[in-house]
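One structure below.
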Amino acid sequence: MQEMTERLEAGAPGLARAADLLRAGQLVAFPTETVYGLGGDARQGAAVAGIYAAKGRPQFNPLIVHVADMAMAEQVAVFSDRARVLAARFWPGPLTLVLPARPEAGISDLVTAGLPTVAVRMPAHPVARALLAAFGGPLAAPSANPSGKVSPTEADHVLEGLSGRIAAVVDGGACQVGVESTILSLDPPMLLRPGGVDVETLEEALGLPLAFGGDAVKPNAPGQLVSHYAPGAAVRLEATDKRPGEIYLGFGPGPEADLTLSAQGNLIEAATKLFAMLRVADKLASARGATTIAIAPIPETGLGRAINDRLRRAAAPRG
Ligand code: TXA
Ligand code: MG
(Lines of atoms letter the chains of each structure in order from A and count residues from 1; the text may use other names and numbers.)
(Lines give C-alpha, C1' and ligand atoms only; values in the text may rest on other atoms or scores of the structure.)
(Ligands and ions follow the chains in the order given, each with its own letter.)
Protein backbone atom coordinates (compact mmCIF):
# COMPACT_ATOMS: atom_id res chain seq x y z
CA MET A 1 0.00 0.00 0.00
CA GLN A 2 1.37 3.44 -0.97
CA GLU A 3 1.04 6.52 1.17
CA MET A 4 -0.02 8.73 -1.72
CA THR A 5 0.13 8.42 -5.49
CA GLU A 6 2.28 11.14 -7.10
CA ARG A 7 0.96 12.86 -10.22
CA LEU A 8 3.99 13.60 -12.41
CA GLU A 9 4.20 16.01 -15.34
CA ALA A 10 5.42 14.49 -18.60
CA GLY A 11 8.56 16.71 -18.83
CA ALA A 12 12.15 15.62 -18.14
CA PRO A 13 12.07 15.96 -14.31
CA GLY A 14 8.83 13.96 -14.02
CA LEU A 15 10.12 11.23 -16.32
CA ALA A 16 13.42 11.03 -14.40
CA ARG A 17 11.43 10.62 -11.16
CA ALA A 18 9.24 7.96 -12.79
CA ALA A 19 12.31 6.05 -14.02
CA ASP A 20 13.87 6.18 -10.53
CA LEU A 21 10.68 4.80 -8.98
CA LEU A 22 10.59 1.98 -11.55
CA ARG A 23 14.24 1.10 -10.87
CA ALA A 24 13.35 0.91 -7.17
CA GLY A 25 10.69 -1.70 -8.03
CA GLN A 26 7.75 0.70 -7.65
CA LEU A 27 4.73 0.93 -9.96
CA VAL A 28 4.18 3.90 -12.27
CA ALA A 29 1.19 4.38 -14.57
CA PHE A 30 1.94 6.08 -17.89
CA PRO A 31 0.06 7.05 -21.06
CA THR A 32 0.28 4.97 -24.22
CA GLU A 33 -1.59 5.71 -27.46
CA THR A 34 -4.13 2.99 -26.55
CA VAL A 35 -4.84 3.28 -22.80
CA TYR A 36 -2.83 4.14 -19.67
CA GLY A 37 -0.54 1.26 -18.65
CA LEU A 38 0.44 0.25 -15.11
CA GLY A 39 4.20 -0.13 -15.50
CA GLY A 40 6.67 -2.15 -13.46
CA ASP A 41 10.19 -3.48 -14.20
CA ALA A 42 9.52 -6.73 -16.12
CA ARG A 43 12.72 -8.23 -14.67
CA GLN A 44 11.84 -7.67 -10.99
CA GLY A 45 9.49 -10.39 -9.78
CA ALA A 46 8.40 -8.32 -6.78
CA ALA A 47 7.44 -5.38 -9.01
CA VAL A 48 5.42 -7.67 -11.30
CA ALA A 49 3.73 -9.29 -8.32
CA GLY A 50 2.85 -5.76 -7.22
CA ILE A 51 1.10 -5.10 -10.55
CA TYR A 52 -1.16 -8.13 -10.06
CA ALA A 53 -1.83 -7.10 -6.45
CA ALA A 54 -2.62 -3.44 -7.27
CA LYS A 55 -5.08 -4.49 -10.02
CA GLY A 56 -6.49 -7.49 -8.18
CA ARG A 57 -5.68 -9.45 -11.36
CA PRO A 58 -5.56 -13.26 -11.52
CA GLN A 59 -1.90 -14.36 -11.80
CA PHE A 60 -2.53 -16.82 -14.64
CA ASN A 61 -3.28 -13.93 -17.02
CA PRO A 62 0.07 -12.94 -18.60
CA LEU A 63 1.23 -9.34 -19.15
CA ILE A 64 2.53 -7.41 -22.17
CA VAL A 65 6.20 -6.35 -22.17
CA HIS A 66 6.74 -2.81 -23.50
CA VAL A 67 10.03 -2.02 -25.21
CA ALA A 68 11.78 1.20 -26.28
CA ASP A 69 13.24 -0.01 -29.56
CA MET A 70 13.96 -3.00 -31.79
CA ALA A 71 17.22 -3.83 -29.97
CA MET A 72 15.32 -4.22 -26.70
CA ALA A 73 12.59 -6.22 -28.45
CA GLU A 74 15.13 -8.68 -29.87
CA GLN A 75 16.65 -9.15 -26.41
CA VAL A 76 13.25 -10.18 -25.05
CA ALA A 77 11.88 -12.38 -27.87
CA VAL A 78 12.85 -14.38 -30.95
CA PHE A 79 11.75 -12.68 -34.18
CA SER A 80 10.95 -14.71 -37.29
CA ASP A 81 11.10 -12.99 -40.70
CA ARG A 82 7.33 -12.51 -40.57
CA ALA A 83 7.53 -10.97 -37.07
CA ARG A 84 10.21 -8.54 -38.32
CA VAL A 85 8.04 -7.48 -41.27
CA LEU A 86 5.10 -6.76 -38.96
CA ALA A 87 7.28 -4.91 -36.45
CA ALA A 88 8.78 -2.77 -39.23
CA ARG A 89 5.32 -1.88 -40.51
CA PHE A 90 3.33 -1.38 -37.27
CA TRP A 91 5.85 -0.38 -34.59
CA PRO A 92 5.82 1.87 -32.80
CA GLY A 93 2.06 1.42 -32.57
CA PRO A 94 -0.94 -0.48 -31.15
CA LEU A 95 0.11 -4.03 -32.14
CA THR A 96 1.30 -6.68 -29.65
CA LEU A 97 3.18 -9.72 -30.98
CA VAL A 98 3.25 -13.02 -29.06
CA LEU A 99 6.68 -14.53 -29.79
CA PRO A 100 9.02 -17.20 -28.38
CA ALA A 101 10.60 -15.79 -25.21
CA ARG A 102 14.36 -15.53 -24.69
CA PRO A 103 14.88 -16.85 -21.14
CA GLU A 104 18.27 -15.09 -20.91
CA ALA A 105 16.48 -11.71 -21.01
CA GLY A 106 15.54 -12.25 -17.37
CA ILE A 107 11.84 -11.43 -17.79
CA SER A 108 10.01 -12.57 -14.64
CA ASP A 109 8.00 -15.80 -14.97
CA LEU A 110 5.12 -13.83 -13.47
CA VAL A 111 5.00 -11.75 -16.68
CA THR A 112 4.61 -14.75 -18.98
CA ALA A 113 2.61 -16.82 -16.48
CA GLY A 114 5.15 -19.58 -17.17
CA LEU A 115 4.40 -19.74 -20.94
CA PRO A 116 7.29 -20.27 -23.39
CA THR A 117 6.08 -17.17 -25.27
CA VAL A 118 6.09 -13.48 -24.41
CA ALA A 119 3.80 -10.67 -25.62
CA VAL A 120 5.84 -7.67 -26.83
CA ARG A 121 4.80 -4.20 -27.89
CA MET A 122 6.58 -0.96 -28.79
CA PRO A 123 4.17 1.86 -27.94
CA ALA A 124 3.95 5.00 -30.10
CA HIS A 125 2.98 7.58 -27.45
CA PRO A 126 5.86 10.07 -27.07
CA VAL A 127 5.58 9.99 -23.26
CA ALA A 128 5.68 6.17 -23.18
CA ARG A 129 8.70 6.22 -25.48
CA ALA A 130 10.48 8.86 -23.38
CA LEU A 131 9.80 6.90 -20.20
CA LEU A 132 11.05 3.62 -21.69
CA ALA A 133 14.19 5.41 -22.90
CA ALA A 134 14.76 7.04 -19.48
CA PHE A 135 14.20 3.72 -17.69
CA GLY A 136 16.30 1.80 -20.22
CA GLY A 137 14.62 -1.60 -19.82
CA PRO A 138 11.47 -3.60 -20.52
CA LEU A 139 8.28 -2.61 -18.68
CA ALA A 140 5.42 -4.97 -17.95
CA ALA A 141 2.22 -2.96 -18.27
CA PRO A 142 -1.42 -4.03 -18.26
CA SER A 143 -4.10 -1.35 -18.37
CA ALA A 144 -3.93 0.84 -15.23
CA ASN A 145 -7.34 -0.02 -13.77
CA PRO A 146 -8.68 -2.47 -11.19
CA SER A 147 -9.16 -5.86 -12.88
CA GLY A 148 -12.52 -6.19 -14.63
CA LYS A 149 -13.32 -2.46 -14.66
CA VAL A 150 -13.36 0.13 -17.45
CA SER A 151 -9.87 0.85 -18.87
CA PRO A 152 -8.30 4.30 -18.24
CA THR A 153 -7.68 6.80 -21.05
CA GLU A 154 -6.83 9.80 -18.82
CA ALA A 155 -4.59 10.24 -15.75
CA ASP A 156 -7.69 11.03 -13.64
CA HIS A 157 -9.19 7.64 -14.57
CA VAL A 158 -6.04 5.95 -13.25
CA LEU A 159 -6.30 7.83 -9.96
CA GLU A 160 -10.02 7.03 -9.63
CA GLY A 161 -9.20 3.32 -9.61
CA LEU A 162 -5.69 2.98 -8.21
CA SER A 163 -4.92 6.04 -6.06
CA GLY A 164 -2.99 4.94 -2.95
CA ARG A 165 -2.12 1.58 -4.57
CA ILE A 166 0.65 2.74 -6.95
CA ALA A 167 3.63 5.10 -6.58
CA ALA A 168 2.85 7.54 -9.39
CA VAL A 169 1.03 8.36 -12.61
CA VAL A 170 2.65 10.33 -15.43
CA ASP A 171 0.02 12.67 -16.89
CA GLY A 172 0.17 12.70 -20.68
CA GLY A 173 -3.39 13.84 -21.38
CA ALA A 174 -6.04 11.75 -23.14
CA CYS A 175 -5.09 8.65 -25.16
CA GLN A 176 -5.62 8.93 -28.93
CA VAL A 177 -6.51 5.36 -29.98
CA GLY A 178 -8.65 4.59 -26.94
CA VAL A 179 -8.83 0.77 -27.16
CA GLU A 180 -6.03 -1.63 -26.24
CA SER A 181 -3.52 -3.01 -28.74
CA THR A 182 -4.35 -5.77 -31.19
CA ILE A 183 -2.72 -9.02 -29.98
CA LEU A 184 -1.40 -11.38 -32.64
CA SER A 185 0.38 -14.72 -32.20
CA LEU A 186 2.43 -15.97 -35.15
CA ASP A 187 3.26 -19.21 -36.96
CA PRO A 188 0.44 -19.58 -37.78
CA PRO A 189 -0.87 -16.02 -37.42
CA MET A 190 -3.82 -15.89 -35.05
CA LEU A 191 -5.75 -12.92 -33.71
CA LEU A 192 -5.91 -13.14 -29.90
CA ARG A 193 -7.53 -9.76 -29.26
CA PRO A 194 -8.94 -7.20 -31.71
CA GLY A 195 -7.54 -3.75 -30.98
CA GLY A 196 -6.00 -0.55 -32.29
CA VAL A 197 -4.67 -2.04 -35.55
CA ASP A 198 -7.71 -3.27 -37.45
CA VAL A 199 -7.99 -6.80 -38.79
CA GLU A 200 -8.38 -5.68 -42.41
CA THR A 201 -5.04 -3.82 -42.30
CA LEU A 202 -3.28 -6.79 -40.63
CA GLU A 203 -4.65 -9.25 -43.19
CA GLU A 204 -3.45 -7.01 -45.99
CA ALA A 205 0.03 -6.81 -44.40
CA LEU A 206 0.17 -10.58 -43.85
CA GLY A 207 -1.29 -11.38 -47.26
CA LEU A 208 -3.63 -13.95 -45.75
CA PRO A 209 -6.90 -14.13 -43.80
CA LEU A 210 -6.51 -14.18 -40.03
CA ALA A 211 -7.81 -16.94 -37.80
CA PHE A 212 -9.51 -15.76 -34.62
CA GLY A 213 -8.00 -17.35 -31.52
CA GLY A 214 -9.57 -15.78 -28.45
CA ASP A 215 -7.10 -14.60 -25.81
CA ALA A 216 -4.80 -16.86 -23.87
CA VAL A 217 -7.00 -17.60 -20.92
CA LYS A 218 -10.43 -16.24 -21.76
CA PRO A 219 -12.38 -17.93 -24.55
CA ASN A 220 -14.04 -15.58 -27.03
CA ALA A 221 -17.17 -17.65 -27.61
CA PRO A 222 -20.42 -15.89 -26.65
CA GLY A 223 -21.69 -17.09 -23.28
CA GLN A 224 -18.20 -17.89 -22.08
CA LEU A 225 -17.18 -14.26 -21.93
CA VAL A 226 -15.68 -13.18 -18.66
CA SER A 227 -17.00 -9.86 -17.35
CA HIS A 228 -14.47 -7.10 -18.07
CA TYR A 229 -14.53 -3.36 -18.79
CA ALA A 230 -17.65 -3.31 -16.63
CA PRO A 231 -19.23 0.00 -15.56
CA GLY A 232 -21.38 0.08 -12.41
CA ALA A 233 -24.64 0.08 -14.39
CA ALA A 234 -25.85 -2.87 -16.46
CA VAL A 235 -25.16 -2.71 -20.21
CA ARG A 236 -27.65 -3.46 -23.06
CA LEU A 237 -26.11 -3.84 -26.52
CA GLU A 238 -27.48 -3.35 -30.06
CA ALA A 239 -30.06 -0.98 -28.57
CA THR A 240 -32.17 0.68 -31.28
CA ASP A 241 -34.45 2.38 -28.75
CA LYS A 242 -34.17 4.03 -25.35
CA ARG A 243 -36.31 2.43 -22.64
CA PRO A 244 -37.37 3.80 -19.24
CA GLY A 245 -34.56 3.65 -16.67
CA GLU A 246 -31.82 3.75 -19.31
CA ILE A 247 -29.06 6.10 -20.38
CA TYR A 248 -28.75 5.91 -24.19
CA LEU A 249 -25.27 6.01 -25.72
CA GLY A 250 -25.62 6.68 -29.43
CA PHE A 251 -23.52 6.12 -32.55
CA GLY A 252 -24.39 7.90 -35.79
CA PRO A 253 -28.01 8.74 -36.61
CA GLY A 254 -30.58 7.02 -34.40
CA PRO A 255 -32.87 7.68 -31.45
CA GLU A 256 -32.21 10.85 -29.47
CA ALA A 257 -29.18 10.05 -27.33
CA ASP A 258 -28.07 11.16 -23.86
CA LEU A 259 -24.45 10.79 -24.98
CA THR A 260 -22.84 9.79 -28.26
CA LEU A 261 -19.70 7.86 -29.22
CA SER A 262 -19.67 9.65 -32.59
CA ALA A 263 -22.51 11.74 -34.01
CA GLN A 264 -21.13 11.14 -37.53
CA GLY A 265 -20.82 7.38 -37.01
CA ASN A 266 -17.00 7.49 -37.16
CA LEU A 267 -15.41 4.35 -35.68
CA ILE A 268 -12.05 5.97 -34.98
CA GLU A 269 -13.71 8.72 -32.94
CA ALA A 270 -15.90 6.13 -31.18
CA ALA A 271 -12.85 4.07 -30.16
CA THR A 272 -11.08 7.15 -28.81
CA LYS A 273 -14.11 8.07 -26.68
CA LEU A 274 -15.34 4.58 -25.73
CA PHE A 275 -13.98 4.13 -22.21
CA ALA A 276 -14.36 7.77 -21.15
CA MET A 277 -18.00 7.70 -22.37
CA LEU A 278 -18.72 4.53 -20.40
CA ARG A 279 -17.48 6.37 -17.30
CA VAL A 280 -19.59 9.47 -18.06
CA ALA A 281 -22.65 7.30 -18.81
CA ASP A 282 -22.14 5.49 -15.51
CA LYS A 283 -22.06 8.77 -13.56
CA LEU A 284 -25.12 10.02 -15.41
CA ALA A 285 -26.93 6.76 -14.61
CA SER A 286 -26.14 7.17 -10.90
CA ALA A 287 -27.26 10.81 -10.93
CA ARG A 288 -30.57 9.96 -12.65
CA GLY A 289 -31.22 6.69 -10.86
CA ALA A 290 -30.96 4.79 -14.17
CA THR A 291 -29.94 1.12 -13.94
CA THR A 292 -28.80 0.41 -17.50
CA ILE A 293 -26.60 1.92 -20.20
CA ALA A 294 -28.16 1.12 -23.60
CA ILE A 295 -25.68 1.30 -26.47
CA ALA A 296 -26.44 1.73 -30.18
CA PRO A 297 -25.31 -0.99 -32.63
CA ILE A 298 -21.69 -0.58 -33.78
CA PRO A 299 -20.70 -2.05 -37.18
CA GLU A 300 -18.38 -5.10 -36.93
CA THR A 301 -15.74 -3.65 -39.25
CA GLY A 302 -12.42 -1.82 -38.78
CA LEU A 303 -12.07 -0.57 -35.19
CA GLY A 304 -15.71 -1.62 -34.67
CA ARG A 305 -14.45 -5.15 -33.97
CA ALA A 306 -12.34 -3.94 -31.04
CA ILE A 307 -15.18 -1.72 -29.78
CA ASN A 308 -17.72 -4.57 -29.94
CA ASP A 309 -15.27 -6.98 -28.25
CA ARG A 310 -14.96 -4.56 -25.30
CA LEU A 311 -18.71 -3.89 -25.21
CA ARG A 312 -19.63 -7.60 -25.21
CA ARG A 313 -17.36 -8.07 -22.21
CA ALA A 314 -18.81 -4.97 -20.52
CA ALA A 315 -22.28 -6.52 -20.99
CA ALA A 316 -21.27 -10.05 -19.89
CA PRO A 317 -22.88 -11.46 -16.71
CA ARG A 318 -20.94 -10.17 -13.70
CA GLY A 319 -19.14 -12.77 -11.61
O1 TXA B 1 -2.81 -1.52 -25.42
C2 TXA B 1 -2.39 -2.38 -24.66
O3 TXA B 1 -2.05 -3.51 -25.04
C4 TXA B 1 -2.31 -2.01 -23.17
C5 TXA B 1 -1.32 -0.87 -23.01
C6 TXA B 1 -1.07 -0.50 -21.58
O7 TXA B 1 -0.12 -1.18 -23.67
N8 TXA B 1 -1.93 -3.15 -22.39
C9 TXA B 1 -2.78 -4.19 -22.18
O10 TXA B 1 -2.29 -5.20 -21.40
O11 TXA B 1 -3.89 -4.23 -22.63
P12 TXA B 1 -3.16 -6.38 -20.80
O13 TXA B 1 -2.38 -6.88 -19.65
O14 TXA B 1 -4.55 -5.98 -20.52
O15 TXA B 1 -3.19 -7.43 -21.93
C16 TXA B 1 -2.49 -8.64 -21.77
C17 TXA B 1 -3.12 -9.71 -22.56
C18 TXA B 1 -3.51 -10.89 -21.71
O19 TXA B 1 -4.83 -10.81 -21.25
C20 TXA B 1 -3.32 -12.06 -22.64
O21 TXA B 1 -4.55 -12.27 -23.30
C22 TXA B 1 -2.32 -11.56 -23.65
O23 TXA B 1 -2.12 -10.20 -23.45
N24 TXA B 1 -1.02 -12.22 -23.50
C25 TXA B 1 0.05 -11.80 -22.79
N26 TXA B 1 1.06 -12.68 -22.88
C27 TXA B 1 0.63 -13.68 -23.68
C28 TXA B 1 1.20 -14.87 -24.17
N29 TXA B 1 2.45 -15.23 -23.86
N30 TXA B 1 0.45 -15.65 -24.97
C31 TXA B 1 -0.82 -15.28 -25.31
N32 TXA B 1 -1.41 -14.16 -24.87
C33 TXA B 1 -0.71 -13.37 -24.07
MG1 MG C 1 -6.94 -4.46 -19.27
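Glycine too: its Cβ is placed from the backbone N, Cα and C atoms.
Unlike curated entries, TrEMBL annotations are predicted automatically.
Owing to the predicted nature of the structure, the values given are computational and were not obtained by experimental measurement.
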Of the candidates Ser181, Ser185, Ser227, Ser262, the one that TrEMBL places in the L-threonine site of Thr34, His66, Arg121, Ala141: Ser181
Annotated binding-site residues Arg57, Ser151, Tyr229, filtered by Cβ under 6 Å to ligand 1: none
Cα-nearest neighbour of Arg57 (ATP binding site) within the listed binding-site residues, Thr34, His66, Arg121, Ala141, Ser181: Ala141
8 Å Cβ shell about Thr34, His66, Arg121, Ala141, Ser181 centroid, L-threonine site members excluded: Thr32, Gly37, Ile64, Pro94, Thr96, Pro123, Ala128, Glu180
Which binding-site residues sit within 10 Å of Thr34 (L-threonine binding site) - Cα, from Thr117, Arg193, Tyr229: none
